[in-house]
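Undergrad: Can you keep this structure in mind? I'll have questions shortly.
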Amino acid sequence: MSSSVRATVLYDAPGPKGRRTNRIMTGVTILLALSVSAWVLVILAGNGQLAGKMWTPFITPTTWTTYLKPGLVGTLKSAVVSIALALIIGTLLGLGRLSPVTPVSWICAVVIEIFRAIPVLILMIFAYQMFAVYHVVPSSQLAFAAVVFGLTMYNGSVIAEVLRSGIRSLPKGQVEAAKALGLSHRQTMWSILLPQAVAAMLPALISQMVIALKDAALGYQIGYIEVVRSGLQSASVYRNYLPALVVVAVVMIIINYGLTMVAERVEHQLRAGRARKNIVAKVPEHPDQGVETKDRAYADKHDPAHIDLRRLTDEPA
């Protein structure tokens, strides 16, 4: 009954005819998906993309050491560096936008809105051209620096908004209590509000880290050696584009899943630590005052431990 009531809050529960229509549509959709998948597999098999020799290069160490391993290292290196910098820059921008100093808040807001509105690939291309023209970094690190710049500024601006939303969602009474204790704005932000906002918005931060890892593949457009570029290079040698892309996709799925599992474990530990610190003190028991309490008045008289106080007062001394 409760589930049906909850269902009707959002939409009308389907009747017998509606449920029958839903089952028919589900069956038709499944058959259509299976038919399209079978058609694609037949075409791929006709072109020889499913032959065993197409997958053989990926079980030899040479393919991994020559192509995939350098690309995988490049992807992880750019992702780790950009995520670390994005967390730092995002925290500073988010706190700066909440600053009581109006010019600081405006400047941080402008920076956040600009870099959040520009696509990551455009940021990478812009940084690549700027670093090349003004010789900001050595030519050997030009593509790496451009990828890190694009990922850092875009994800940093998004993280800043995530943290700002998390801080805004906290009860205002905490800020008032901090002011009553004499804490400054900086102490209130860093010691009270920011840790709670990070713990509350950790799922969104995890999702942004995964996005940064996937966006590292955009470095392929500016010549950066990452896992997608390495996979396509191996495919151009062995003429197995579909198996190469499938292997690259599986590798990225494993990496993203591992990152998500690690972040979820960190989130669980943070919440468990907060639960241990928020243990409510036990209320001390008051000594017996010799007065019949409500629990005693309604006690079961058949209980052997029950004592009738009125009978004790009637007995002679």
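Cβ atoms are placed via backbone N, Cα and C, with glycine included.
Okay, these came from TrEMBL:
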- 72-263: domain 'ABC transmembrane type-1' (DOMAIN)
- 285-304: region 'Disordered' (REGION)
- 24-45: transmembrane segment (TRANSMEM)
- 76-95: transmembrane segment (TRANSMEM)
- 107-131: transmembrane segment (TRANSMEM)
- 143-163: transmembrane segment (TRANSMEM)
- 189-211: transmembrane segment (TRANSMEM)
- 241-259: transmembrane segment (TRANSMEM)
Undergrad: Within the same chain, where does the transmembrane segment (241-259) have neighbours whose Cβ lies under 8 angstroms from its own Cβ atoms, ignoring anything closer than 6 residues to its ends? I mean 6 or more beyond.
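TA: Beyond its ends, the transmembrane segment (241-259) has Cβ neighbours at 44, 49, 54-55, 58, 68, 72, 75-76, 206, 209-210, 213-214, 217, 227-228, 231-232, 234-235.
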Undergrad: Are there three or more C-beta pairs under 8 angstroms joining the transmembrane segment (76-95) and the transmembrane segment (189-211), sequence spacing 6 or more?
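TA: They are in contact.
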